Amino acid sequence: MEQRRIVHIDMDAFYASVKQRDDPSLRGRPLAVGRGEARGVVAAASYEARRFGVRSAMPSVTAKRLCPELLFVPARFDVYRSVSAQIHDIFSRYTPLIQPLSLDEAYLDLTDHLGAYGSATLVADRIRADIHAETGLTASAGVSYNRFLAKLASDYRKPDGLFVITPAMGPEFVAALPVDAFHGIGPAMARKMRALGIETGADLRERDIETLTRHFGKAATFYYGISRGIDHRPVVVNRERKSLGTEQTYLRDLTSEADAHQALTQIAATLWGSAQRRQLQARTVTLKVKYADFRQITRARTLSAPVPSEEVLLETGQSLMAPLFPFVPGVRLLGLTLSGFHAAESPPCDQMELLF
């Protein structure tokens, strides 16, 4: 039986990193996304904050006590969703088999979609490079022959790393790990396992299926498998996304119409290419503008028929942008989004030689 090629991509401190990207004055500073008041909770923490022990789901007062210099910023889910759409568009260039787990992580099945690269490891590295080039953010990747091990691998070299667990490595890699490092085993279950003398993957592997079933019920089969590096769960493709967008943040604020039109031309070309790769037809075009003072506005137009060409996409975007001139203050980000689309049937992909 041929081994699968599964990649798990996990963005590094996603919410906090997006804020630090968009506000350079915050780079290198301990940052928490959430409310800083007495009853607030940390939604996410930058790596600078994590060095002090600040973690997500931690009460804000506890986080502030651990890190007095901690700066709290509000969550910006519209921005996170927009960046997530960019990232998932990058994924779709390499495989249609994508299972998003959240805005900032996903499984990709590359088994039959290695393309000219011939290697899931090379594809994963290319995806990470594309993400950094197009969003300014870093991602970690894990490559393996099943979902469980791919997710473990993506954690192994964080942040901004890549790790591969081959079939030869899998069982012993799992054996050496403490059970509370296993995805799918939460704190309560880990405590229960430790009470039974199960501290590591090797300990878990020593228990037969009957013993595991007696203590863990229906979950026993899953635990029995992962302790041996076995996980047959497929990458489950979610329903089609409802929108597809491209945006760009500029080092120098856009102030002139000429610069803005040139920038929008590039964005429209990128977005149209993404839609064509996915064979999507859309009727609604949305323009996003973020000013230098971080104010943000959107304008949308729904056409009577699907956007037929890159030229019409650009013309629609420009007509939405025209009433916004002059740009005062300048514009630091422009974006276009397509929505209200459906996907045509995709042609079958070529079967490639399977290599890690």
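Just so it is clear, glycine is given a Cβ too, placed from its N, Cα and C backbone atoms.
What Swiss-Prot lists as domain 'UmuC' is 6-186.
The Cβ of ASP104 (Mg(2+) binding site) lies under 8 Å from the Cβ of ASP10, MET11, PHE14, TYR15, TYR80, SER84, ILE87, each of these being in the same chain and 6 or more residues away along the sequence. If you look up Swiss-Prot, you'll see ASP10, ASP104 marked as Mg(2+) binding site.
The site 'Substrate discrimination' feature in Swiss-Prot is assigned to TYR15; the stated evidence is sequence analysis.
Counting every protein chain shown, the Cβ of GLU105 (active site) has 19 other Cβ atoms within 10 Å. GLU105 (active site) falls within a strand when secondary structure is assigned with DSSP. Annotated active site per Swiss-Prot: GLU105, in sequence order, evidence recorded as sequence analysis.
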Could you tell me which of these recorded positions, ASP10, TYR15, has the greatest number of Cβ atoms within 10 Å of its own Cβ? TYR15
